[in-house]
4 protein chains.
Amino acid sequence: MPLSPDQQSEIDEARAKPRETLRCVAPGLEAALYTAHPVLDHGFVRVIDYMGDDSAICQAARVSYGRGTKSVSNDEGLIRYLMRHWHSTPFEMCEIKLHVKLPIFVARQWIRHRTANVNEYSARYSILDREFYIPAPEHLAAQSDINRQGRGTTLEGETAARVLEILKADSARAYDNYLTMISDEGQQGLARELARMNLPANIYTQWYWKTDLHNLFHFLRLRADAHAQYEIRAYADVIGQIVAQWVPIAWRAFSDYRLGGAQLSAPELAVLRRMLKGESVSEEGSGLSAREWREFHALFD
Amino acid sequence: MPLSPDQQSEIDEARAKPRETLRCVAPGLEAALYTAHPVLDHGFVRVIDYMGDDSAICQAARVSYGRGTKSVSNDEGLIRYLMRHWHSTPFEMCEIKLHVKLPIFVARQWIRHRTANVNEYSARYSILDREFYIPAPEHLAAQSDINRQGRGTTLEGETAARVLEILKADSARAYDNYLTMISDEGQQGLARELARMNLPANIYTQWYWKTDLHNLFHFLRLRADAHAQYEIRAYADVIGQIVAQWVPIAWRAFSDYRLGGAQLSAPELAVLRRMLKGESVSEEGSGLSAREWREFHALFD
Amino acid sequence: MPLSPDQQSEIDEARAKPRETLRCVAPGLEAALYTAHPVLDHGFVRVIDYMGDDSAICQAARVSYGRGTKSVSNDEGLIRYLMRHWHSTPFEMCEIKLHVKLPIFVARQWIRHRTANVNEYSARYSILDREFYIPAPEHLAAQSDINRQGRGTTLEGETAARVLEILKADSARAYDNYLTMISDEGQQGLARELARMNLPANIYTQWYWKTDLHNLFHFLRLRADAHAQYEIRAYADVIGQIVAQWVPIAWRAFSDYRLGGAQLSAPELAVLRRMLKGESVSEEGSGLSAREWREFHALFD
Amino acid sequence: MPLSPDQQSEIDEARAKPRETLRCVAPGLEAALYTAHPVLDHGFVRVIDYMGDDSAICQAARVSYGRGTKSVSNDEGLIRYLMRHWHSTPFEMCEIKLHVKLPIFVARQWIRHRTANVNEYSARYSILDREFYIPAPEHLAAQSDINRQGRGTTLEGETAARVLEILKADSARAYDNYLTMISDEGQQGLARELARMNLPANIYTQWYWKTDLHNLFHFLRLRADAHAQYEIRAYADVIGQIVAQWVPIAWRAFSDYRLGGAQLSAPELAVLRRMLKGESVSEEGSGLSAREWREFHALFD
């Protein structure tokens, strides 16, 4: 369980005090504000605060287009139009702040999304908890034979057992030694900022992470994608469900145009036009490289 | 008066509907949410939404420092420490969204602050209103003799009258001709995206502008400064009063450390150390250039 | 002609002094470095400096993928792969610095691209030149009947003549009055920072603008697009030709995947799959809105 | 030694081919371009490319100020003026690209500087080398008693020996087990993206890191500071020396105004003014908190 009783009672307390506001309110987020959505074995995502909802996107767009947007009959049509034509600034008018607990190797991928605000737990100041990510058996995958950055089949039997044993034993030993080095019983304790270097990348850290909806969609497009590493995808999937509660119309537009959509190149469009006229196009005659041809067919077969 | 009766009744309506939220609430902002704070002759600043307050800054800092922050006795001490040591990320955890009406030449300075989200009224789509900034007599200043970018004494008498007459007449003529060109009575109307090029830089535009507290402080440090042009400073001053209502502790720290503070160079510190020991330091012996010496003395005399 | 004899001789001088460097060199850019590419009636784009070329993109990608990129046979295949899969960071390793002269209403659109470095000529300090954009007759377009932000047919005859007359006369008068106000002959001159507000949005300004290739591609995707206003598209087109000289492989990939490509939504992909199987899909049965259906057909008919 | 013979011969080859360019050239950087500056036990910093020099800063400032900058007699005066008054945009016109090899716990601090372009070696694709940071004995410091994030005295004797033994043994074991898990001899190898989680934070990674001079100065102000962790300060110090070679005038201004300067608060300035008039100010009468008073005195005693 990712939360201690103390943390849970803090959450209960925070949820017990509704206050009055004149701001716009997103009921879907209020329902679970502060609550921990579990991810992986010890991780979580919690919504701490938010600004705006679907109507805030439309409000900002209507400032831009002035009386021009009166002709768009409803919010859903307007939001889909904005999404389709990459008009990203109205989506930036919504903001969300999450509290996330995650393994360091996931944090290292995550932090590459630069347009966000972050406060991470500092192991220079404080002592990390003894919590390590150990993959569930069904996620213990072999290196893919065909994709250098992908996973293949699931490891089984003795191989799987050996890997789990290594991950657990090395984590435990590294953490014991971390405590040994910083201990000041009978010795001077090593500086925390140095001792932490002994800890492996599957130890959990936590941070506050705040971003706007446009950049969050960009994060989700890359990290909820099938090519993303499973462990960060697990977070992206949970955040996706949160976004669906927060801005349901924008989420549907994003799902249709980005998550479920595809970018086609000019040569691919040319091939499609020929095929739609009934022509049978071969790889040789397509103008596409072998790899492009393969990816093109994966989309339509 | 910057607002039409329609706009005022929209604001009244928005303020009439308090809702429940579990988020943190800043009473100082709720009291004036949506209300227009007048700036210049036709401009305003309105707070449309916000996220966080002083406690949100501390909460984020305490995630970073973990148990380490328990030793800081109170929020005010912590926030002043963060400000003094340029620990800027906790201030990024607060966000504010403003609706601003402002002359285009002010908007052009303002937009240079890149870390913000903006939706501006588009004169490609819509027709701009007939509203121009005409300086009040006391702000009609001559070019400074000593500062190439500054203002000198106030213009008076015939000179002032002539300038005001020019500004008013040229604005009026430009706007009349703008309407003439886009009119489709008895002619094809010129495209709006072209016709707008006839309008001068003192016409009012408006936008939604959203930023975090750290970047807002940076904006205020540069734009509430005595060297900033009066017209943008007028907006910065109003926003400063809003921030003081929103995050009073952070505002005091910012006032002490940034607005009222000063950055001293190594040679200036060396001079100060000598003076504090009772030495009488001359410009020649100071190691400062004439300009540096002048600015140094302006600080302490 | 956009350049004065003085400026031209400065350029000739800068081009007369080749120096030795160990950095990578892009011959296509060196050939025209500092030279002014004319845009509109008085504008230009000049390349002042650059960093990197096609090989720098691959070099950065190969740091990421390590030995993993050995399997990609050549630079072109690698760059196309990066473009296809939105791996944008290697493109950020190339940088370009341009000197641009442009009308203020174009500058106002341009500056919305935030991830760039800018130094603009300041009319607080200095006096603007008497140069205004007056559209060529073939670009003097009526407001579109069907697209609120677009242009329709070209204005002709008396209507066109009247518009040109207005634009020229108002520009000239505004500029004369600008000079009158700042003049200190027989009066105190108005501060420049105030006087500039009388100048219309078609006056020319200039700036140094520096950005990386990824963000430049983003700029070009939006501003070289048919929906962009003609006047900024004229700049984007010239910059596109510069990029083609600088990084020819990346430019081809960008042309295929972005400029000439299209983003299809999940419902559009579903329709395409049905059509490719020989099914005849009607608007009613497509699941697309009327607007989506129209845009979908525009792509394939 | 941080470089393999292969890498060294690549560098020699790159340095053997000077080319002609019309761009501005910084001789101080050309002299060591591509060369590895060693940092810590296995790390390095190499300059791969750069754009601009001191003159490029002035050139950009002169575009802004137009004829107004003619009055500044020389480049040094102009650059110092820009630095003193926080006019940061001209410094953004210079850009540098570094190749850095660094321990992961240093990389995690470094990456928090968001305004930079990064391509990091990916352990999803490729196998990390067996190289770990083990502190030199003189940097093996105890936790500070007075500063929660600082170091105290150096560990000695058995305590030091035990710590070094732990760091070495745990690194070696973790790496051996990493290889064991990914090996496909007699088993299916674990996916690299999973196996890497067993590696501790002192393993070396590498990246290309590109940023502009303004943001680099910001990085150096925070990371070359006495409060920064020694290990990242070691990189900042080496980069500082590189910057001094690249833009010597800007470096001197930065050293005077930022590295060696200090930010004083309004209450501190008030105390200084009283002291300069000969008044003896006590802590009680100063209006400063105990902590502020201590830091104030550290500056002037």
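Any Cβ shown, glycine's included, is placed from N, Cα and C.
The structure displayed is predicted, hence computed values, not measured ones.
The candidate list B:ARG80, B:ARG151, B:ARG223 contains one residue that TrEMBL assigns to the dUMP site with B:GLN109, B:TRP110, B:ILE111, B:ARG112, B:GLU120, B:TYR121, B:SER122, B:ALA123, B:ARG124, B:ARG196, namely B:ARG223. Checking the binding-site residues B:THR89, B:GLN109, B:HIS113, B:GLU120, B:SER122, B:LEU213 against chain A with a Cβ-Cβ cut-off under 8 Å leaves B:THR89, B:GLU120, B:SER122.
Among the binding-site residues B:THR89, B:ILE111, B:HIS113, B:ARG124, B:LEU213, the ones with a Cβ under 8 Å from a Cβ of chain C are B:ILE111, B:ARG124. Under 8 Å, Cβ to Cβ, and six or more positions away along its own chain, B:GLN109 (dUMP binding site) finds B:ARG223, B:GLN229, B:ILE232. In the three-state DSSP scheme, B:HIS218 (FAD binding site) is classed as helix.
A separation of roughly 20 Å, to the nearest angstrom, links the Cα atoms of B:HIS113 (FAD binding site) and B:SER122 (dUMP binding site).
For B:HIS218 (FAD binding site), the spatially nearest entry among the binding-site residues B:ILE111, B:SER122, B:ARG124 is B:ILE111, judged by CA separation. In the three-state DSSP assignment, the secondary structure recorded for B:ARG124 (dUMP binding site) is coil. Rounded to a whole value, the Cα-Cα separation of B:ILE111 (dUMP binding site) and B:THR89 (FAD binding site) is 22 Å. In the three-state DSSP scheme, B:ILE111 (dUMP binding site) is classed as coil. Cα of B:ARG124 (dUMP binding site) to Cα of B:LEU213 (FAD binding site): a distance of 32 Å.
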